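Asks: As annotated by Swiss-Prot, substrate binding site applies to ASP174, ARG204, SER228, TRP332, with the evidence given as similarity to another entry. Residues or ranges marked as Mn(2+) binding site by Swiss-Prot on the basis of similarity to another entry: ASP227, HIS229, HIS360. Residues or ranges marked as disulfide bond by Swiss-Prot on the basis of similarity to another entry: CYS124-CYS355, CYS346-CYS422. Annotation source Swiss-Prot lists N-linked glycosylation site at ASN87. Annotation comment: Swiss-Prot describes 133-243 as region 'Catalytic subdomain A'. Annotation comment: Swiss-Prot describes 301-363 as region 'Catalytic subdomain B'. Positions annotated as topological domain 'Cytoplasmic' by Swiss-Prot: 1-4. According to Swiss-Prot, the feature topological domain 'Lumenal' maps to 28-443, an assignment based on sequence analysis. The transmembrane segment annotation in Swiss-Prot covers 5-27.
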Amino acid sequence: MRNAIIRCLFYGSLTFGIWTALLFIYLHHNHVSNWQKKSHEPLSAWSPGKKVHQQIIYGSDQIPKPHVIVKRTDEDKAESTLGMDFNHTNPELHNELLKYGFNVIISRSLGIEREVPDTRNKMCLQKHYPARLPTASIVICFHNEEFHALFRTVSSVMNLTPHYFLEEIILVDDMSEVDDLKEKLDYHLETFRGKIKIIRNKKREGLIRARLIGASHASGDVLVILDSHCEVNRVWLEPLLHAIAKDPKMVVRPLIDVIDDRTLEYKPSPVVRGAFDWNLQFKWDNVFSYEMDGPEGPTKPIRSPAMSGGIFAIRRHYFNEIGQYDKDMDFWGGENLELSLRIWMCGGQLFIIPCSRVGHISKKQTRKTSAIISATIHNYLRLVHVWLDEYKEQFFLRKPGLKYVTYGNIHERVQLRKRLGCKSFQWYLDNVFPELEASVNRS
């Protein structure tokens, strides 16, 4: 009996040992296979993971690596559809809409990064760009921006921009009062140490002068201006840099996709160009079909009479050469049209690059303060008196109450126009935007 028990214990121990050994071999084999598989996967420039704080930042001496977008889990993808069935009668939502101009509740739920759909035309996927292109300084100005929207702007740039083209991101805090934009922002930006500069204005400068401050700290070949509530798309920067590399006097902007203010859903936009009317109100115009003829089709750069002010790229030295912004303009409003006219009339070109896509939250218009309204009028009048020549009467026909409103000293800007040898506004109408002159004849 005793011998039988000993034999049972012996064979039981032997069986357990064999199964343990087999399990170890199986797990080791899986580990090696996974390691070999991962070792052959290319890494993106910033190795984006699920959370920003898990990313590894490489120095500028790293060998360029191709783009790879990490696949997200079903849980992550669900984040992108938040808000489709959102209760829009929520009082908290209403208050936040008034404060920020978009759905902050969903913005917080999305967190500090997400993957957006690739909205480029399929022909864009066949394009290849040189490995040597100008470097870019990204300038993002903000005042009391919602934290998550701002950080998604930054993280999307870091995740989807090759580090060998990205000189720096310059954040200009225009005297924000929101606590989240102070120590909390600094803490999270430590993830991107070495690529981020943050400048905190000691007084409220307004968007125009804040951008000038950011540009003055830039060291990249190209200035890229972004609003503080954007999300860049795949291969967004290379098409812009490539266009500028071919023509240093070309100012370019991406196609602007819409991020819905209520749902924060990322929606593709059609190919359109920037324009304006005699009230100097910016608008989007359809592109003529003949402009997309030829082998490039819908990927061909589109001449644009004007641009909206929030997102564009310009060679830094050229920006300085043509007079930057009018520093005597206040806050924001009109600076985009003034720069558009100056580019075209003074020897440059303005194009939309369809293969570059950037999403932008189309904020709900919040109530403008009297200071903002006064600043916008002031800015428009400076534009009118410097650049419209005899056509300024078309503006005053529509805004007669502004004809005798003061607009400050424009001597410096008039002299700039003479020094640059700029063409007349009539030339602009004849060669760039004849549809605007045609509207005079119809009225």
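Glycine is treated like the rest: Cβ placed from N, Cα and C.
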Asks: Of CYS346, CYS355, HIS360, CYS422, which is closest to SER228 (substrate binding site) if I measure between C-alpha atoms? They're all recorded positions.
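Replies: Closest by Cα: HIS360.
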Asks: So among the binding-site residues ARG204, HIS229, HIS360, who's got the most Cβ atoms within 10 Å?
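Replies: Neighbour-count leader: HIS229.
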Asks: Roughly how many Å separate the Cα of CYS422 (disulfide bond) from that of ASP174 (substrate binding site), to the nearest whole number?
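Replies: Checking the Cα atoms of CYS422 (disulfide bond) and ASP174 (substrate binding site) gives a distance of 33 Å.
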Asks: Would you find the one among the disulfide-bonded residues CYS124, CYS355, CYS422 whose Cβ has the most company, meaning other Cβ atoms within 10 Å?
Replies: CYS355
Asks: What is the set of residues, excluding ASP174, ARG204, SER228, TRP332, whose C-beta falls within 8 angstroms of the centroid of the C-beta atoms at the substrate site?
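Replies: Nearby residues not in the site list: CYS141, PHE142, HIS143, VAL172, GLU205, GLY206, LEU207, ALA210, PHE331.
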Asks: Calculate the distance in Å between the alpha carbons (Cα) of HIS360 (Mn(2+) binding site) and TRP332 (substrate binding site), and round it to a whole number.
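Replies: Each residue's Cα considered, HIS360 (Mn(2+) binding site) and TRP332 (substrate binding site) end up 17 Å apart.
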Asks: Give the sequence-ordered list of residues that share a chain with TRP332 (substrate binding site), lie 6 or more positions from it, and have CB atoms under 8 Å from its CB.
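Replies: In sequence order, the residues whose Cβ lies under 8 Å from that of TRP332 (substrate binding site) (at least 6 apart) are GLY206, LEU207, ILE208, GLY309, ILE372, ALA375, THR376, ASN379.
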Asks: Which one is it, among the recorded positions CYS124, ASP174, CYS346, CYS355, that lies nearest to ASP227 (Mn(2+) binding site) by Cα separation?
Replies: ASP174
Asks: Which one is closest to CYS355 (disulfide bond) in space, judged by CA to CA distance, out of the recorded positions ASP174, ARG204, HIS229, CYS346?
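Replies: Looking at Cα distances from CYS355 (disulfide bond), the smallest one goes to HIS229.
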Asks: List the residues in the vicinity of the Mn(2+) site, defined as same-chain residues other than ASP227, HIS229, HIS360 with C-beta within 8 angstroms of the site's C-beta centre.
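Replies: Neighbours found: ALA149, THR153, LEU226, SER228, CYS230, ILE259, GLY310, ILE311, GLY359, ILE361, LYS363.
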Asks: Helix, strand or coil: which one is CYS124 (disulfide bond) in, per DSSP?
Replies: helix
Asks: Looking at the recorded positions listed here (CYS124, HIS229, CYS346), whose Cα lies nearest to that of ASP174 (substrate binding site)?
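Replies: Smallest Cα separation from ASP174 (substrate binding site) among CYS124, HIS229, CYS346: HIS229.
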Asks: Below 8 Å Cβ to Cβ and six or more residues apart, same chain only. Which residues does that give for CYS346 (disulfide bond)?
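Replies: CYS346 (disulfide bond) has long-range Cβ partners ILE322, ARG417, LEU420, GLY421, CYS422, LYS423.
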Asks: Given that the record lists ASP174, ARG204, SER228, TRP332 as binding substrate, what is the largest C-alpha to C-alpha distance among them, in Å?
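Replies: The span, Cα to Cα at its widest, is 16 Å.
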